[in-house]
């Protein structure tokens, strides 16, 4: 760590310490231990076992003072490109498991730690090791493909490894003898007799590590109000399940619940379980001579949220877990947003004791968590049910009693009140069924009366979902035999920076070493949604030593306000705030922690202004819309309705989505020495726009502002617009202070300020025939744009342009309204309105099929475009041939017909588990509908040693644009990829570049690189003809000697695109890409939980430039869509404040959420004459395929409702969370949950 390094113990995380010594491979993703990006390995010597224990920890939470005597290994310590890669680093890279690369070091360290503990792990070991590591890019499958090569099962052939994208035999073998040794001095230290108490102290914090129990008791008496820290997750205690000793091993007893608890470990869940065990605690009193007190661990022990009956001077010594009795049964239940690594919404621990060899209840304990400020025991229910026979009358009475005894206010923290009520009853029902099965196995008759049997279809209530690693295979077209073996185009090539990303050497903006005199900036944001600013007082903050300045609108040297398509955008709020999270000012201080603390001391006073509203429905009521309003129409909708057999009206709501790029937004602004120059090292997808906004803000020309972008740790559209404003603010601070300024948004601030995908509401009216043919559809789209326009109008346009998907509806009309509300402005997100536009029409097809009593895939197929020369609803010519091929192949490869029969068979024999399948086609426009963006530029330099440097206007953010640019240059110049380098994106090299967006980056950049390389080869051709035996390097040197320019710019002028909205026509897109996707899911009707069983994707990418990268984009987009449609849910307070501001509240898909089987096929013999080497853009389209999970869930719910005699027409909004699934599967429990009319009050959260 460095003996001369000073650290303020107020912020004592290991991450701070690692960064302080320049180890930037450990990434800061969330600051809350919820993403795994900062994972490192901590090793300790155990003198009792005389062995070394290795543990993967999240550095952002690990107190540095707790590591005395431990060895810490970061990703830099296990291998590097300069020395030698570790096999873990090599395999994740070569298996294409690193895209943006920001999560990769954490993945590497989690796997490395596992291998240190278990050199031959099982698949389950890998799943557990990676459970806490999130990835937003890859979809996880390639990561697992690389890591499972370490498994015995894979080496023995039990698990199939796809060798199509990489060769297993090329991997470095794992040799544990080559791993880092544990420092011998720490072993010697561990063997010494205990050295006594340790004390670390800084200006604000004292950390004491007692060596003996007596020391601890004395400290507790001396410091009664100070926390005791054990573990690294929270202030308090952490229990390790692996170290508990459990006395029984039968199902239904203590040990029988261990695996379930380990898989769903969360401290609140564990507590509800152990409460049901009637445990006793041994408490040591202070002073020690006072003895030991034993207390019963029951609901009275927990006195409130985070509070217990422990006195300040008491210490927990032991927990006594009694042996199970012969007729005692215990069970635990839990439901969360995500099956693993998520806090429970509701959890329960239940115990019943039966009279010997009978079905009569001797005693009953029902404990619930998540239904009050502390744990709740249903005392009255337990009392009333004791002494009764365990039969259906007990079940009915139990449900009635629980409904009356445990109540929740609509304003209860956490919201989801009806859902939580239903879970209380559902868990009791599951417990009832479990015990009924136990009794049936043990007691057939009681007093001549048969114990109630468990119908086979009800057994599904007892099964638990098992977490599994994703498997699958992929297919793609190989290059032709006559293609040169040295030509990399069309071959699966590794991401050009994958090794650097796996070793932590890849540099992101916050990895850049601090500039001398560098300052740090922290934003001051609004806490009101709509209010006048009456005063701003920063005096308390400015009084803090080390705080340099506070900047607001009055300090902007240029323009604080700028026009954006006729709408005013403010950098700093001047007189009025229009959303919670709007930037009012910024504190500039000597370091980041000081800046954060000081920003909290800035006092802003407000005068509230009306109106204030947040939802689409409220905006419609207030007629609050941005201009322009858009409309597209084909045919005559009214005539179509008149000709139809049936008319159906309905709506679909789609919630928003947070980008959750692993690297938060930020930059470093470095003022130049003269003429107002400014260098920005910034995480942006649109460097030219950032340059322009900063120039306007500073009042200087763009030629004085240079933006540098090495790579992004994910972007997904979120780093186009908002980062320009953040850059302008940071540049203003640098301009004002004359010093470099760094701005790095914390995860919560990033989510609050930058917002994400637009929520949409679609209202439709559709006319259709008896056979499912749709004649007319009228769809009105409303999006929640937030408080300023941003890119909302363009996003609405894309939704309208995609409203037909692949269907020829003769009479089709779409209207789009962007709602102005008092929320942070929504912005671009992968798909850019396409998923919302496509999903609405798919919902129409789905509902029409249900009304006609026809399979949805048949109704979809009969309405598809069929003619070779087809026209979209905006009159753009295209051929649906490849879309129809994708559809047919997807039906075949997914074995759709047979599996659909199997789903129906499963549903007929399982009452509480239902399955559903869905298959959809896709037609997705590629390129910008604003034609001026369809351009690209590049600069290619050849040096005398033969090496090549490529610069272009695109941004590398994991999609592999640099890799493909190198492949293209390699083909044209006929030099190996290893001789070509892409350094960075820089506005000083390639000016006026379009944003890296719209799946158009490779199309534009690739053509520009090709153009530049062809120019160079044209210049070299005469020299080559005169010197046919020259090597490449000799050829270059000869050209230099002949004064031939070895530098060339390349430019690509894409086709004109645009739409005449008045005439509803225009060539909106460069071309279309096509695909089809089929998904199967299973739902738990009692809890709303669901499992993604299988997904098959067939995707048209033309002739793939790099199948490995394209398959990664297909799967990564799909998994992001899976989150959009099922898991990811944003929650806002009634005052408009975002509640979900980090991974503890906002859940993106984790490893266990991926379909158990994920198959990806790239359509063969597909061509695209419009793009580079007949390829197609692929970054955005497959997000939409997540809707197959949504519609499959809806099919499963419909099956449940059909069985209960309920209507198959029901509303299900996206995302289809566990809450929505459960409440849609109506039964006795949900009816009881809704039967109590709540008192009017302010809800905890509102539906945006």
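Backbone N, Cα and C atoms are what each Cβ position is placed from, and that goes for glycine too.
What you see is a predicted model, and the numbers here were worked out from it, not measured in a lab.
Feature annotation from TrEMBL assigns active site, proton acceptor to 1180. Taken from TrEMBL, the feature [2Fe-2S] cluster 1 binding site covers 30, 35, 38, 60. The [2Fe-2S] cluster 2 binding site feature in TrEMBL is assigned to 100, 103, 135, 137. Positions annotated as FAD binding site by TrEMBL: 273, 316, 334. For 685, 716, 830, 998, the entry in TrEMBL reads Mo-molybdopterin binding site. For 832, the entry in TrEMBL reads substrate binding site. Taken from TrEMBL, the feature domain '2Fe-2S ferredoxin-type' applies to 1-78. For 1-20, the entry in TrEMBL reads signal peptide.
The Mo-molybdopterin site is defined by 685, 716, 830, 998, and by the 8 Å test on Cβ atoms against their centroid, the other residues of the chain that qualify are 715, 717, 718, 720, 828, 829, 832, 996, 997, 1179, 1180. Most other Cβ atoms within 10 A: among the binding-site residues 334, 830, that distinction falls to 334. Model confidence over the domain '2Fe-2S ferredoxin-type' (1-78) is summarised by a mean pLDDT of 85. Ranking the binding-site residues 38, 100, 685, 998 by the distance of their Cα atoms from the Cα of residue 316 (FAD binding site) places 38 first. Secondary structure by DSSP for the domain '2Fe-2S ferredoxin-type' (1-78): 17 helix, 21 strand, 40 coil. With respect to their backbone Cα atoms, residue 38 ([2Fe-2S] cluster 1 binding site) and the residue listed as 'substrate binding site' stand 31 Å from each other. Apart from 30, 35, 38, 60, the residues listed for [2Fe-2S] cluster 1, the same chain places the Cβ atoms of 15, 27, 28, 29, 31, 32, 33, 34, 36, 37, 58, 59, 61, 106, 747, 1143 within 8 Å of the centroid of those Cβ atoms. Residue pair residue 135 ([2Fe-2S] cluster 2 binding site) / residue 685 (Mo-molybdopterin binding site) shows a Cα separation of 19 Å. Comparing the binding-site residues 30, 35, 100 on other C-beta atoms within 10 angstroms of each C-beta gives the minimum for 30. Cα of residue 716 (Mo-molybdopterin binding site) to Cα of residue 60 ([2Fe-2S] cluster 1 binding site): a distance of 25 Å. Nearest in space to the residue listed as 'substrate binding site', taking C-alpha to C-alpha distance over the binding-site residues 30, 60, 334, is 30. For residue 998 (Mo-molybdopterin binding site), the same-chain residues 6+ apart in sequence whose C-beta sits under 8 angstroms from its C-beta are 832, 926, 927, 928, 933, 1177, 1180.
Cα-Cα distance from residue 30 ([2Fe-2S] cluster 1 binding site) to residue 685 (Mo-molybdopterin binding site): 21 Å (rounded to the nearest whole number).
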